[in-house]
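Reviewing the structure listed below.
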Amino acid sequence: MAPRLDFSDWWAKDTRKGTPVVVKMENPNYSVVEIEGPDSAFRPVEKSRGRKNAKQVTWVLLLKAHRAVGCLTWLATVFWSLLASIKKRLSFTHPLGSERLGRDRWLFSAIKLFLTLSLLILAFETVAYLRGWHYFENHIPTSTLEIQSLLHLVYVGWLGFRADYIAPLIKSLSKFCIVLFLIQSVDRLILCLGCFWIKFKKIKPRFDEEPYDAEGCGYVYPMVLVQIPMCNEREVYEQSISAVCQLDWPKDRILVQVLDDSNDESIQQLIKAEVAKWSQKGVNIIYRHRLVRTGYKAGNLKSAMSCDYVEAYEFVAIFDADFQPNPDFLKLTVPHFKDNPELGLVQARWTFVNKDENLLTRLQNINLCFHFEVEQQVSGVFLNFFGFNGTAGVWRIKALEESGGWLERTTVEDMDIAVRAHLHGWKFIYLNDVKVLCEVPESYEAYKKQQHRWHSGPMQLFRLCLGSILTSKIAIWKKANLILLFFLLRKLILPFYSFTLFCIILPLTMFVPEAELPVWVICYIPVFMSFLNLLPSPKSFPFIVPYLLFENTMSVTKFNAMVSGLFQLGSSYEWVVTKKAGRSSESDLLSITEKETLDKKSQLLRGVSDSELLELNQLEEQKQKKPVKKTNKIFHKELALAFLLLTAAVRSLLAAQGVHFYFLLFQGVTFLLVGLDLIGEQMS
């Protein structure tokens with residue numbers, strides 16, 4: 001007999017919304033059945049389907065377990081490989097290979113103090129969290145009856161002090177930094193719009209197709225002086241001298257000056273031999289060496305311009321030791337000066353032969369592509385002014401002389417002469433389609449030293465030339481552009497808010513949740529700004545996240561350099577020559593070098609004495625010496641900030657702040673990798 005169902009009060013149930021209904025049966029062999037509607041009770045039950053579903057669930061669970069084990073195995077392998085790589089890199093760390101802090105210890109000491117306080121607060125609040133003392137801002141215990149112990153009393157006092165005194169200060173500072181952040185973002189957006197307008201309208205400087213006539217029927221080729229300043233450039237001197245000596249220009253109207261400041265006698269001899277080789281080929285080339293290296297590069301250029309024969313030349317082209325101009329460089333730049341007496345500088349763009357060498361060079365390429373294609377091109381088209389890059393440019397010698405020549409007062413002599421020339425009314429042209437090969441630093445140590453010089457020097461210059469800008473006769477809007485945009489916004493405000501907001505305020509708000517930063521500040525706008533920076537180099541879009549994290553990591557170096565230059569602290573006037581690798585873009589460089597070596601031996605060794613032959617053989621042996629063993633360095637400030645950010649990430653877990661946790665975690669890991677010198681190549 002089939003069991004009879006008791007459907008009393010069936011229609012009293014609210015089944016319109018799919019509410020489950022419990023039905024009791026009289027047959028004791030049945031218990032409780034849960035149905036979802038009135039029709040589901042009369043559907044036949046498929047027993048085989050239930051057994052089949054059970055088997056499927058078992059197989060799915062086994063499959064998921066297998067995948068989980070495989071994923072854990074893969075993660076363990078990656079983690080173990082990473083540890084092995086770190087151990088291998090750190091094994092090359094020299095006992096004295098840590099970063100020298102010198103007089104810049106103030107920032108490291110401040111970070112250490114901040115880290116110590118963060119660890120103490122984290123330990124204290126972890127104990128409070130484990131004891132269940134979770135209070136909202138408006139529910140802090142005030143009655144003595146609610147206080148459980150002395151530790152509880154201290155914790156409640158800390159909450160009140162934090163909310164009343166610390167949070168308002170952090171909120172005020174964070175609002176100030178956010179305003180600066182938004183202003184700088186608007187400036188970046190306007191620059192990008194200007195670049196789009198230039199491309200849309202196809203705006204670029206042009207000149208007559210044949211402005212010069214070598215036969216004298218028209219405007220003859222002007223006299224051009226080419227200078228190659230260098231200092232201990234063993235890796236790159238040969239390729240730079242070779243490229244400059246092959247410039248397509250009448251030989252009687254060009255002079256190459258090799259300005260060697262090397263203090264290594266072996267390098268001096270190598271450069272002399274290279275100059276002698278090209279001199280025998282008919283190139284008008286001179287080797288100059290200063291006995292007293294004062295003023296660094298500015299002093300070197302100033303000494304070279306003081307020669308009597310310079311008066312016969314109208315223009316001077318400058319190339320650093322790692323730059324390799326194309327043979328048509330002068331024919332693409334010098335003609336712009338014709339019929340343009342107000343033009344003082346023509347600047348070409350840099351392109352990098354080693355931009356794909358490692359992650360560090362890729363990230364540098366992103367920044368420099370934006371600097372050249374957006375910042376300098378827009379400034380050149382709309383303002384006729386930008387900072388001289390120190391190389392790959394042609395100056396009118398008259399503009400240099402009227403602006404006061406090269407001065408040794410800062411480490412950015414190129415920006416110094418550009419600002420003074422602008423104040424004297426000279427105009428600049430930037431050529432984005434004329435490119436000169438060069439290198440970017442392949443090691444973090446070399447890149448850090450370069451960035452320190454590039455960010456401390458402008459602040460030195462700002463202090464020195466502020467009065468000259470205010471009293472100059474240029475238009476008011478040009479003065480405002482120099483002071484507000486060129487110096488303050490792009491040289492001072494950018495490193496200030498980047499370091500303060502993301503490396504100090506953000507981790508601090510994890511311990512003071514009353515001053516928490518909104519998500520759009522730490523996520524949306526930075527990603528959008530990184531997207532804008534990547535527009536000139538679209539192939540770098542896969543590196544948008546590493547680029548964002550690395551730029552925040554570099555903010556500590558830029559902030560330290562900015563403060564040092566502004567207040568004349570530490571090594572603000574220290575000049576360290578950027579280490580080069582000596583790479584070339586030519587695939588057949590080895591065959592060319594071998595051929596030139598044979599020609600060199602066949603030409604230079606004719607008629608030389610035995611002593612000179614012995615000296616040349618010794619120089620060749622020195623060039624073929626094995627490279628020095630590469631070592632790692634430990635960077636203290638980056639490591640201290642890494643532990644600070646990771647500590648703040650752990651604290652964010654107590655407040656369940658998802659986006660903040662992931663940002664702090666990845667940023668802390670980035671600081672850790674950089675602090676251990678695990679990005680880029682190792683230095684010899």
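Keep in mind that glycine also has a Cβ here, set from the backbone N, Cα and C atoms.
All annotation found in TrEMBL is predicted automatically rather than curated by experts.
Here's what TrEMBL has on this protein:
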- 316-511: domain 'Glycosyltransferase 2-like' (DOMAIN)
- 68-86: transmembrane segment (TRANSMEM)
- 106-130: transmembrane segment (TRANSMEM)
- 173-198: transmembrane segment (TRANSMEM)
- 482-511: transmembrane segment (TRANSMEM)
- 517-535: transmembrane segment (TRANSMEM)
- 634-654: transmembrane segment (TRANSMEM)
Cβ-Cβ under 8 Å with the transmembrane segment (173-198): same-chain residues at least 6 beyond its ends: 204, 373-375, 377-378, 381-382, 485, 489-490, 493-494, 496-497, 500-501, 505, 509, 515, 517, 521, 525, 528-529, 532-533, 535-536
Stretch in 106-130, 482-511, 517-535 most in contact with the transmembrane segment (634-654), if contact is a CB pair under 8 A: 106-130
Chain residues outside the transmembrane segment (517-535) and at least six past its termini with a C-beta under 8 angstroms from it: 174, 178, 181-182, 185, 188-189, 192, 195, 366-367, 370, 374, 501-502, 505-506, 509, 541, 543-544, 547-548, 551, 659-660, 663
